[in-house]
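Residues or ranges marked as compositional bias 'Basic and acidic residues' in TrEMBL: 1-11. Taken from TrEMBL, the feature region 'Disordered' covers 1-31. What TrEMBL lists as domain 'DUF2510' is 27-54. Taken from TrEMBL, the feature transmembrane segment covers 77-99, 119-141, 153-177.
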């Protein structure tokens with residue numbers, strides 16, 4: 001008996017995938033178990049991934065849903081680390097300005113050096129967070145092709161690079177100016 005022939009009681013036979021009957025290509029297909037949902041077909045089997053049906057009226061018949069593997073966590077980490085690093089650097093700058101305005105010429109040197117070393121540690125922590133944010137921003141841009149979040153990753157990356165360059169320029173000015 002060949003695939004597609006009927007038995008004597010007119011029930012169709014099971015057809016195995018092969019050259020005559022290839023499996024459908026990978027993609028989103030209507031989920032027969034849950035109306036209004038789609039299930040991802042990997043090209044070989046059904047996966048556990050489901051999604052709401054696409055709005056057919058907006059995209060037309062040629063629309064194919066893009067498979068996204070999840071949220072772009074690298075872009076989110078870039079934003080969080082950059083924000084925390086920026087807050088630490090701004091806090092340090094405000095403390096330096098406050099110390100500079102409140103100390104008079106006769107302040108003990110040991111008192112001042114303790115504050116300066118502590119503030120230097122805060123600057124280092126802030127810069128490390130900003131550099132980590134730059135790395136995560138670059139990873140977020142790379143992942144944005146499949147997960148989205150390109151604008152978030154790019155904005156975080158550019159803002160962090162700008163802040164690191166400004167801190168570097170400020171450090172050069174402090175070193176060069178008497």
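The backbone N, Cα and C atoms fix where each Cβ goes, and this holds for glycine too.
Under 8 Å from some Cβ of the transmembrane segment (77-99) lie the Cβ atoms of residues 112, 115, 119, 122-123, 125-130, 132-134, 136-137, 139-140, 152-153, 155-157, 159-160, 163, 167, all in the same chain and six or more residues away from its ends. Summarised by DSSP class, the composition of the domain 'DUF2510' (27-54) is 0 helix, 16 strand, 12 coil.
For the domain 'DUF2510' (27-54), the mean pLDDT of the prediction comes to 84.
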